[in-house]
Protein chains: 2
Amino acid sequence: MVLHYPNGRAYHQSVSDKMQPKRQHENSDIVFGNRGMSLEEELNQSNTYYLQKDIAVIHKKPVPIQIVQVSYPKRSAAVIKEAYFKQSSTTDYNGVYKGYYLDFEAKETRSKTSFPLSNFHEHQVNHMKACTRQGGICFTIIKFSVTQQLFLLPAAILFEYWDNQSKTKGRKSIEKKVIADFGYAINYHVQPLIPYLTYVDKLINK
Amino acid sequence: MVLHYPNGRAYHQSVSDKMQPKRQHENSDIVFGNRGMSLEEELNQSNTYYLQKDIAVIHKKPVPIQIVQVSYPKRSAAVIKEAYFKQSSTTDYNGVYKGYYLDFEAKETRSKTSFPLSNFHEHQVNHMKACTRQGGICFTIIKFSVTQQLFLLPAAILFEYWDNQSKTKGRKSIEKKVIADFGYAINYHVQPLIPYLTYVDKLINK
Ligand SMILES: [Mg+2]
Ligand SMILES: [Mg+2]
């Protein structure tokens with residue numbers, strides 16, 4: 001079942017991910033042919049690996065829900081009967097790695113040549129700016145789903161494009177070339193599936 | 001309306017907190033007599049202050065929900081029709097302050113003399129241990145609700161009592177005296193209501 005957010009994007013049942021037993025990828029075939037997996041699932045799996053190996057503690061934040069009605073059946077769990085999806089005021093993922101606070105968004109696009117800034121909400125960008133001012137390490141993991149290319153884009157580049165877009169002739173997207181030049185291409189790996197902390201190390205050592 | 005988690009604890013509608021307009025405490029009378037406010041509401045308000053003043057970026061994590069059924073009425077927002085509360089695998093709050101990753105639980109108890117360890121789940125303690133190993137600053141903010149006393153208890157003390165409880169004669173609670181001696185008493189303040197970062201500074205400088 002594919003659920004949809006009010007904005008029409010697929011929902012992938014990520015909210016319930018944590019309820020399920022941790023999936024292990026014994027079958028490495030999946031790694032290079034995982035076209036059915038969402039970026040979020042791929043990252044959750046990578047974070048489980050990092051957690052189990054005591055490398056980092058990074059979690060997907062639960063989707064915020066506005067609860068309106070709950071019923072309390074006798075002898076069984078409370079059931080939420082009416083609730084709505086809310087827009088998150090922060091980003092998808094945060095946590096701690098080598099003493100650093102990490103905060104990032106995961107974004108997939110079907111565009112082939114550039115990453116549309118409309119993928120971000122103002123409050124997400126403002127949240128990353130605030131975290132950056134506090135010394136946090138912020139970035140976006142972008143997946144070009146048609147070509148299955150992955151990049152880690154430092155927040156500074158996003159901020160520059162974001163702040164420029166309202167100007168005359170300001171671009172509404174970041175060219176893939178810019179992302180490749182100022183960010184880091186990430187190749188899919190076995191364990192973890194998306195070895196993004198390797199590139200966070202580069203951000204730290206910059 | 002007071003909702004209840006499946007475990008019977010009051011729910012305080014915290015999930016929907018962020019939907020409401022940010023409350024400002026113009027009336028400082030409330031500060032010393034806020035008996036109706038949950039610790040979580042008090043902390044959310046304090047975090048809003050810290051965020052607005054660019055002092056720290058700390059957020060309450062949304063309560064994780066297992067969604068079972070969603071309906072999509074035409075021309076209006078998706079409605080969650082069946083969902084369940086899940087146990088969180090992490091803690092209540094995390095974020096970044098002066099380059100440090102902060103991670104903490106907020107706990108209220110009606111006990112007058114000690115803080116029962118049964119207020120914690122194993123996975124919450126394990127999460128704080130993992131974050132501590134990564135260099136994060138972890139603690140609990142404990143409110144003795146009968147006397148309205150607040151303390152910040154460093155995670156190391158919790159870990160010690162937690163690991164000892166299964167031993168013969170291991171205590172199942174932490175005496176208030178220990179909390180006062182090894183933690184920090186926090187007095188309610190005006191802005192922010194709970195100035196806990198003042199005591200985080202002491203943890204950092206230790
Ligand atoms: Mg995302
Ligand atoms: Mg709590």
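Just so you know, glycine gets a Cβ as well, placed from its N, Cα and C.
Around the Cβ of A:Thr90 (Mg(2+) binding site), 23 further Cβ atoms fall within 10 Å across all displayed protein chains. Marked as Mg(2+) binding site by TrEMBL: A:Thr90, A:Asp92, A:Glu105, A:Gln124.
The annotation region 'Disordered' is assigned in TrEMBL to A:1-26.
Here the Cβ of A:Lys107 (site 'Transition state stabilizer') has 17 other Cβ atoms within 10 Å, regardless of which shown protein chain they belong to. The site 'Transition state stabilizer' feature in TrEMBL is assigned to A:Lys107.
Fewest other C-beta atoms within 10 Å: among the binding-site residues A:Asp92, A:Glu105, that description fits A:Asp92. A:Asp92, A:Glu105 are the binding-site residues among A:Thr90, A:Asp92, A:Glu105, A:Gln124 whose C-beta comes within less than 6 Å of an atom of ligand 1, given in sequence order. Apart from the site residues A:Thr90, A:Asp92, A:Glu105, A:Gln124, the chain places the Cβ of A:Ser88, A:Thr91, A:Tyr93, A:Asp103, A:Phe104, A:His127, A:Met128 no farther than 8 Å from the centroid of the site's Cβ atoms, the recorded Mg(2+) location.
Listed recorded positions (A:Thr90, A:Glu105, A:Lys107) with a CB under 8 Å from any chain B CB: A:Thr90.
Using a 10 Å radius centred on the Cβ of A:Gln124 (Mg(2+) binding site) and all shown protein chains, the other Cβ atoms total 21.
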